[in-house]
Amino acid sequence: MDRIHITGGAPLNGVIPISGAKNAALPLMIASLLTGETLELINVPRLADIAALTRILGNHGVDHMVVGKRPGQTTETGQTIRLTASNVIDTTAPYELVSTMRASFWVVAPLLARFGEAKVSLPGGCAIGTRPVDLLIMALERLGAEIEIDAGYVVARTKNGLRGAEIAFPKVTVGGTHVALMAAALAYGTTVLENAAREPEVVDLAECLNKMGAKIRGAGTPRIEIEGVARLNGARHEVLPDRIETGTYAMAVAMAGGDVVLKDTRADLLHSALDVLSTTGAEITQVEGGIRVRRNGGGIAAVDITTDPFPGFPTDLQAQFMALMTLAKGQSHIRETIFENRFMHVQELARLGAKIRLEGDLAIVEGVDRLKGAPVMATDLRASVSLVIAGLAAEGETQINRVYHLDRGFEALEAKLGRCGAQIERVRA
C-alpha cells in the first residue's frame with residue numbers, strides 16, 4: 001500500500017494550479033444519463049472517484065471518451081471527457097459498484113426521470129431510519145415516484161412520469177438538491193425546492209442542465225424553481241474550480257509559511273474560509289486568475305469556527321483548519337455541525353504532538369510551539385490531507401499510510417506541493 005513521506009520545515013513558494021471540483025464533476029457526469037446526446041465536460045479532475053463513477057456509468061451503457069490534450073495541458077490541468085447515454089442497457093446500479101462511492105446513488109434520479117424505473121443499491125453502511133439517502137427518497141416521492149426498499153436496494157418506479165411538486169427540505173442537503181434538480185428537469189409541470197442547498201456545485205449543475213435545455217431559476221438561493229421539459233439535449237460545460245482544494249493549499253501555506261499563487265480558481269467560492277485565514281495572520285489577495293496566499297514570519301492567531309452549509313465555513317475544510325490551529329498561539333474552538341464522526345483525524349494529529357480535546361461536536365485545540373514528525377494513518381479523504389498539511393510544518397519526517405484516501409479527492413498532490421519546495425514523495429508499495 002502506498003505511503004507518503006514528508007520532511008517538514010520547508011516553506012512553500014511558487015504556483016499551484018487548482019483542478020476542477022470533484023464535487024461538481026460527479027453530479028455533472030451523472031446528469032449525462034438525462035439525455036441520449038453527448039455531454040462534454042471540460043476540466044474534469046483525474047481522481048479515483050471520477051474513475052469509479054465512469055465504471056458505474058459504463059455499467060448502465062454510457063459511452064465514455066477522453067478527448068486528447070489541448071496544447072499546454074498537463075496531467076495537472078484536468079481532462080475533457082465526453083459521455084453519451086444513447087444506449088442505456090441497464091437501470092440497475094449494483095451494490096458492488098455503488099458501495100465504492102456514495103454519490104453514485106444519485107443515478108437513481110436521471111434513470112427514474114428518463115426511463116421510468118431505477119433499482120439502485122443503498123450505499124454501504126446505511127441503517128434503516130438513519131440513512132443519509134432518506135431526504136433524496138423523500139424528494140423523489142414528492143415528485144410522484146413509487147419507492148420501496150427491497151433487499152438493500154431502492155426500487156423506484158413511475159407509471160406516467162414524474163410530476164412537479166413543492167419540496168421543502170427539513171434541512172439543507174446537497175445530495176437531495178442535486179437529485180431533485182435532475183429529476184424535476186424532466187418532470188411534468190413546475191417544481192419548487194424550498195431550503196435548497198446553495199453550494200457552488202449546485203449552481204454549476206443547474207447551469208449545465210440549463211445548457212442542456214432545462215428551465216431552472218434561483219440556483220444559489222434557498223428557493224429554486226424548475227419547469228420540467230420533455231427532453232434534454234447534449235451540451236458542453238466546464239467544471240468550476242475546486243474550492244476545497246483551493247482552501248486546502250491556502251491553509252498549507254498559512255501553516256508552513258511562504259508565498260504561493262493558487263491559479264485558475266475564484267475567491268467568491270470560499271469567502272468564509274479565506275476571511276478566517278486572514279484572521280489567523282495569512283495575507284490573502286486576489287490576483288488575475290487566482291488567489292495569492294502569503295505568510296512570512298509572525299505567529300498563527302487562534303480563531304474559532306463553526307462549520308455550516310454554504311456560504312458558511314465548509315465542513316470539508318474543517319480537518320485542514322484544525323491542523324493549522326495546532327500551531328496557533330492560544331486556544332481555538334472548532335464546532336462540527338454538518339457530519340457526525342468527523343474528528344477521526346484528531347488522534348493522528350495528536351501523534352504529531354497536537355493537543356486537542358473533544359467535547360461532543362466541539363474540538364478544543366491548544367496551540368503548541370512545534371509538531372514533530374511521526375508515522376500516521378489516514379482515516380478518510382479530508383483527514384488524510386490534514387495530516388499532509390501538519391507534516392509540512394512538523395519537524396523531521398512524517399510518514400502517512402493509507403494514502404489511497406488522498407487519491408479520491410486531490411489531483412497530483414505531491415507534484416503540486418513538490419514544485420513549491422515541499423519535501424514530499426510517494427513511496428509505492
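All residue numbers here begin at 1 and follow the chain in the order shown.
Cβ atoms are placed via backbone N, Cα and C, with glycine included.
If you check Swiss-Prot, you get these features:
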type	residues	note
ACT_SITE	Cys126	active site, proton donor
BINDING	Lys22, Asn23	phosphoenolpyruvate binding site
BINDING	Arg102, Arg131, Pro132, Val133, Asp134, Leu135, Asp316, Ile338	UDP-N-acetyl-alpha-D-glucosamine binding site
MOD_RES	Cys126	2-(S-cysteinyl)pyruvic acid O-phosphothioketal
Sparsest Cβ surroundings (other CB atoms within 10 Å) among the binding-site residues Lys22, Arg102: Arg102
C-alpha spacing of Ile338 (UDP-N-acetyl-alpha-D-glucosamine binding site) relative to Lys22 (phosphoenolpyruvate binding site), in angstrom: 19
Sparsest-packed among the binding-site residues, when each Cβ's other Cβ atoms within 10 Å are tallied, from Asp134, Asp316: Asp134
Inter-residue C-alpha distance, Ile338 (UDP-N-acetyl-alpha-D-glucosamine binding site) and Asn23 (phosphoenolpyruvate binding site) (nearest angstrom): 16
CB contacts for Asn23 (phosphoenolpyruvate binding site) [other CB atoms within 10 A, all chains]: 23
Rounded to the nearest Å - Cα separation of Pro132 (UDP-N-acetyl-alpha-D-glucosamine binding site) and Asn23 (phosphoenolpyruvate binding site): 17
Cα-nearest neighbour of Asn23 (phosphoenolpyruvate binding site) within the listed binding-site residues, Asp134, Leu135, Asp316: Asp316
Collapsed DSSP category at Lys22 (phosphoenolpyruvate binding site): helix
Where Val133 (UDP-N-acetyl-alpha-D-glucosamine binding site) sits in the secondary structure, as DSSP reduces it to three classes: coil
Coarse DSSP state, helix versus strand versus coil, of Ile338 (UDP-N-acetyl-alpha-D-glucosamine binding site): coil
Cβ atoms near Leu135 (UDP-N-acetyl-alpha-D-glucosamine binding site) (within 10 Å, other residues, all chains): 19
